[in-house]
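Trainee: Submitted below is the structure of interest, expressed as structure tokens.
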Ligand SMILES: NC(=O)c1ccc[n+]([C@@H]2O[C@H](COP(=O)([O-])OP(=O)(O)OC[C@H]3O[C@@H](n4cnc5c(N)ncnc54)[C@H](O)[C@@H]3O)[C@@H](O)[C@H]2O)c1
């Protein structure tokens, strides 16, 4: 059991603090947002994450998790202080480290009276931890008692508790033997369950985080480009991704074609990596291309619906899904919001629904230009097209016949492939998605360029599905 402090009670800090308490440690969470701390003291969660309220309440009741607004009280007696504050994109794309350094100053000023480890959990460019160390050294006195480690976080919002408590690895970056020993002790419950520990230098630990996130972002952009090609050649991108992912050298995760990546990490970390690589005189062409493809993908989705709607002026779009992924209310860099922005720019109106994220969107400038519906069918009512941007479970169960009857034009853009195309066609919808040829339900469906001969005797759905793939685990209705 170790006594520790978590600075920042955002998506990472609060989950990490609660999970470390669950592992048996005594944690005090501190935030400069005193209102947030007051709410946490009352048992109110500042954001939605499945299971977090129960985890927080349980560990609070056990006396292992406390919330404190005063930095000196929060850090008193701590062996380690984790910094999990935001490192958002600055105006030029580089990581804005002002909150990280402000948090570091809080720790120095809180005057530790015995050795304390400062742990950089926030994602920050290579070299940041060493800068923190210089900062500490330059502020003589109590700062001398502080050592520094890097411990990047890999949790995933929507399943943050599970991914914190059962990570693929724990990365520990430090030059200090004593610091490494303490970090290994903190994460001992995880190493006992077989989690690999990667102990390395400050720089390598910082780089592992960026290199990992940027590879995942690149994988998404890659499969989106392949999906766009699939649409032209009559291949089914979902089957292609499945066939690729079975190769263990590739793996199936992050191979889901869609409207592009979003969230608080991939776009900002890719930009930050490009920036600090450029400062080192290195051009990262692959990462740059991943961002470029991602930007174009959202635009491409809107063009898809415009093609389906023809020259309809000022269409009304029903948009389902505003969070960047399901099971979170996080709207940072959400593809759904990017789509809403483009639709509004082009003269459409948007009626949106999301099970959790609507309160966050309502407070934004973009949100004030949209309308919100309390239920998905209400959003669909009298709309010219339905666009599904986030694959929330509740959207999978929509009654497509009812959807078709409520829409003014039966256009469905299923950007997460949550519906069976044939079901949508059978319900009377003009179905479009990412990675299948357009106009699936149209009797005058254009022959796929490379499969014209094959296509002649097959249905639209069949035409989009390679014969060899139809018996695999991607379930699909047989052709009528
Ligand atoms: N969100 C994710 O899924 C995720 C996953 C892995 C890593 N990360 C990284 O973790 C870091 C935190 O991300 P987040 O999503 O939790 O951010 P967030 O914006 O949700 O939370 C940051 C919190 O820090 C608080 N804060 C700011 N300055 C402070 C200070 N000086 N002292 C104490 N608290 C302060 C803010 O009030 C806020 O509550 C970022 O570097 C991010 O890149 C995020």
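Every residue gets a Cβ built from N, Cα and C, even glycine.
Where the annotation comes from TrEMBL, it is an automatic prediction and has not been curated.
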Trainee: 31, 36, 87, 123, 268, 332 bind NAD(+) according to TrEMBL; which of 157, 231, 299 goes with them?
Mentor: 157
Trainee: With Cβ-Cβ distance below 8 Å and at least 6 positions apart along the chain, what are the contacts of residue 265 (active site, nucleophile)? List them in sequence order.
Mentor: 123, 213
Trainee: Please report how many Å separate the Cα atom of residue 154 (substrate binding site) from that of residue 36 (NAD(+) binding site), as a whole number.
Mentor: 24
Trainee: Using a 10 Å cut-off between Cα atoms, which of these binding-site residues sit near residue 262 (substrate binding site): 36, 87, 157, 268, 332?
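Mentor: Near residue 262 (substrate binding site) by Cα: 268, 332.
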Trainee: Within the chain of residue 257 (substrate binding site), which residues six or more apart in sequence place their C-beta under 8 angstroms from its C-beta?
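Mentor: Long-range Cβ contacts: 223, 224, 226, 227, 237, 238, 241, 417, 434, 435.
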Trainee: Cα-Cα separation of residue 255 (substrate binding site) and residue 36 (NAD(+) binding site), in Å?
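Mentor: Their Cα atoms are separated by 37 Å.
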Trainee: Checking proximity to ligand 1 here: which binding-site residues out of 31, 87, 209, 262, 268 have their Cβ closer than 6 Å to it?
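Mentor: 31, 87, in sequence order.
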